[in-house]
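Annotated features in TrEMBL:
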type	residues	note
REPEAT	1-33	repeat 'WD'
REPEAT	44-80	repeat 'WD'
REPEAT	87-121	repeat 'WD'
Amino acid sequence: LMGHTGRVNSVGFSSGGKRIVSGSDDLTVRIWDGERGVQIGDPLEGHIGGVNSVGFSSDGKRIVSGSDDKTLRIWDAEKGVQIGGPLEGYTGGVNSVGFSPDGKRIVSGSNDKGITVWDAH
């Protein structure tokens, strides 16, 4: 799967395995068709630092991304748009993100040694 213009830092499958999400130092999140091997839609743009971690919600409708810009962003995986504003509060880059199984919370870890649980709604 080719399309990123920088190092790819994180990848993950949707729960059904039909889609793949990737995050890169090119500041983008991309969604791929895991069966056909092609990019779906335009890159998801908004981060101003490399994207270190990405993940789908269990229902596959949302994506969370964490970046060196010290923020998390939630994306509509079907429309390819950001949902709400960035989640802020870290003093260092965000290295790891993930949705809870029920999709109601997001957990993240950062260079500032902090772990935060966020409301995903």
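Note: Cβ is positioned from N, Cα and C throughout, glycine not excepted.
Residues 49-50, 52-59, 62, 64-74 of the same chain, all 6+ positions outside the repeat 'WD' (87-121), place their C-beta atoms under 8 angstroms from a C-beta of that stretch. According to DSSP, the secondary structure content of the repeat 'WD' (44-80) in residues is 0 helix, 19 strand, 18 coil.
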